[in-house]
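Asks: Dropping the structure in here first, questions after.
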Amino acid sequence: MELQDGVGLSTSVLDSADSIKRPTPSVRAASEDSGQDVEDQSPDSNGTKSTTGDALDMHRMGKDQVLVRHFRQLSMTSFLAIANPAWEIGLFVFSPALQNGGRPMLVWSLLWNFICFGPIYFSLAEMASMAPIAGAHYHWVSEFAPENCQRILSYITGWTSTIAWQAGNAQGIFIVGSLVQTIILVNNEDYAFPSWQGALLAIASMAVAYIAVVYGSKALPYWQNPVGAIHILGFFAYIIPIWVNAPKATHRDVWLTFENNGGWSSLGLSALVGQLTGISGFAGLDACVHMSEEVQDARRSVPRAMLTVWMINFSILFVAALTVCYHIIDVKTSLEDPTTYPAIYVLRGAMSVGWITVILVIIVVLNIASNTVYLATVSRDLFAFSRDRGLPFSGWLSRVNTKRHIPQNAAMTSCVFAVLLALIYIGSPVAFYAMTSLATVALLQCYGLSIGMHLWRRINHPETLPPAHFALGKWGIPLNVLAIIYSAYGFFWAFWPQTTPVTAAGFNWASVIFVGVVLVAMVYFFFKAKRTYVGPVAEVEGRGRRTADRQ
């Protein structure tokens, strides 16, 4: 029988799903210790700490619970705050706004991006409440898109989501390596900042994160809250000495004196280019969604964690920006600081070298913790898309270590990818920076498309939407529309270079890499994935095959 669009998938798609011979409804976990495939038991009987609601959600989506739900709402909120550290990383990405627009651009762009990302995160929170699953965006696209295009749209979204999180993973370890070199430079002004040392430090940081994620996996949920507290206390340790000791700029300088230091044809265009700091500062707060299969009562806990951290991060990041802006006397001088970071230029005017070193060590430690939890998110995203056969070597990547109950192969692969990027940095810093800037662009594509497909189904087939414990109600359509518009707006501006005239060294290579990734994905689709990937909606109860028919 052929099911109509909005109710289920056509017979042809279901036949394609049958031909893959996937272990449905049971997802097989391969033991790394024995190398054997083992069929998991039901979520209620295998000690995965699932609530009844969690088990029902996984059953509806056609997935078995192979990961353990160690996290609760508070620990997941701390996890997300650490994975997306507002001030520990935010302080070191202020330069684009200061270069293009000056101090007012940094302040105002954070304000309007906080407001404009609101519809995005409210929309994502609703979808996370409907379908709390590690695949997140590509799963939502598959479940909510029209049947005749869900397969290709969800496949492309799976690839862009993968490259976004992998690029962000590499960016995190690079910042740790760069900050360690900055500590050396602060204490020794003759230090030459060689790129190969930065690469080695980044690789060491990745090794620490891998050990913590894999061999300390059972302890991971239990240190989130203490580190989250240090994250807050460290912030005050940074800003208080600056407000007490550093020279201050005027209110007019901070709020109204715009600058064009990027060489653009007009101040307005320069300011628009400079908003990248604000856009990137609020992208990525959906990291908790990829951990949904390890959170108790995920349908409630994940949306709450996301929205809580969205508000907390704005409060911290905005105060951090005001602190830096009010204590930069000359913007050009701060951009030319030997450390390359205006935030450290401000520290130099507020405290001694010894105290600067202490503050930077605290920031490095917190960023190592951030890299650790970020790797956990990245590996779950990679695991989920591989589980649905969207990537090369999907069978190996989707294996779960049955002793530790984590996707160890996906974590290992994510580390290797980040290390390769660190090695690229030795020969070409430009290529590395282009990969890290790709994260924002790819995430915005995921946001816009997944919310767009949700809007389509909300308008055309609302009766097929799963129930949401965080429901937008009558505000759903206007918030979805605003979210799509701003995702497209941010996507456009995130591709722009920071200076003109544009040279190879200053070009934003994210556009080339983004298109390249999509082309590689399409080549793989036509040669391989079209025979293996059907989209996760094929397993969703009531949309693909009913669970009873699959058993």
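Note that Cβ sites are derived from N, Cα and C of the backbone, with glycine treated the same way.
Heads up, TrEMBL stuff is auto-annotated, nobody curated it.
Pulled the feature table from TrEMBL, pasting it below:
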| type | residues | note |
| --- | --- | --- |
| COMPBIAS | 43-53 | compositional bias 'Polar residues' |
| REGION | 1-56 | region 'Disordered' |
| TRANSMEM | 79-99 | transmembrane segment |
| TRANSMEM | 105-124 | transmembrane segment |
| TRANSMEM | 163-184 | transmembrane segment |
| TRANSMEM | 196-215 | transmembrane segment |
| TRANSMEM | 227-244 | transmembrane segment |
| TRANSMEM | 306-329 | transmembrane segment |
| TRANSMEM | 349-370 | transmembrane segment |
| TRANSMEM | 409-426 | transmembrane segment |
| TRANSMEM | 432-456 | transmembrane segment |
| TRANSMEM | 477-496 | transmembrane segment |
| TRANSMEM | 508-527 | transmembrane segment |
Asks: Let me spell it out: take the transmembrane segment (163-184), skip the flanking residues so only those 6+ beyond its ends count, and list any with a Cβ under 8 Å from a Cβ in it.
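Replies: Non-local partners: 89, 92, 191, 193, 197-206, 209, 284, 290, 339, 341, 344, 357, 360-361, 363-364, 367-368, 370-371, 374-375, 377-378, 381-382, 414, 417-418, 421-422, 425, 432, 435-436, 438-439, 441-443, 446, 514, 517.
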Asks: Report, as numbers and ranges, every residue of the chain located at least six residues beyond the transmembrane segment (105-124) whose Cβ falls under 8 Å of a Cβ in that stretch; write 'none' if there are none.
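Replies: Residues packing against the transmembrane segment (105-124) from afar: 94, 97-98, 254-255, 258, 271, 274-275, 277-279, 281-283, 285-286, 289, 306-307, 310, 314, 317-318, 321-322, 324-325, 447, 450-451, 454, 472, 475-476, 479-480, 482-483, 486-487.
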Asks: Out of 79-99, 227-244, 306-329, 409-426, 508-527, what stretch is closest in contact terms to the transmembrane segment (349-370), meaning most Cβ pairs under 8 angstroms?
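Replies: Checked against 79-99, 227-244, 306-329, 409-426, 508-527; highest Cβ contact count belongs to 227-244.
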Asks: Using Cβ distances below 8 Å and needing 3 or more such pairs, separated by at least 6 in sequence, tell me whether the transmembrane segment (196-215) contacts the transmembrane segment (508-527).
Replies: no
Asks: Against which stretches of its own chain does the transmembrane segment (409-426) lie, if we need a Cβ under 8 Å and a gap of at least six residues from its ends?
Replies: 32, 166-167, 169-170, 173-174, 177, 195-196, 198-199, 202-203, 206-207, 209-210, 213-214, 375-376, 378-380, 382-383, 386, 396-399, 432, 435
Asks: Counting only pairs 6 or more apart in sequence, are there at least 3 Cβ pairs under 8 Å between the transmembrane segment (306-329) and the transmembrane segment (432-456)?
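Replies: With fewer than 3 qualifying Cβ pairs, these stretches do not touch.
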Asks: If we skip the immediate neighbours and take only residues 6+ beyond the ends of the transmembrane segment (508-527), which ones have a Cβ under 8 Å from one of its Cβ atoms?
Replies: 152, 155-156, 159-160, 163, 392, 430-431, 433-435, 437-438, 441-442, 445, 494-498, 533
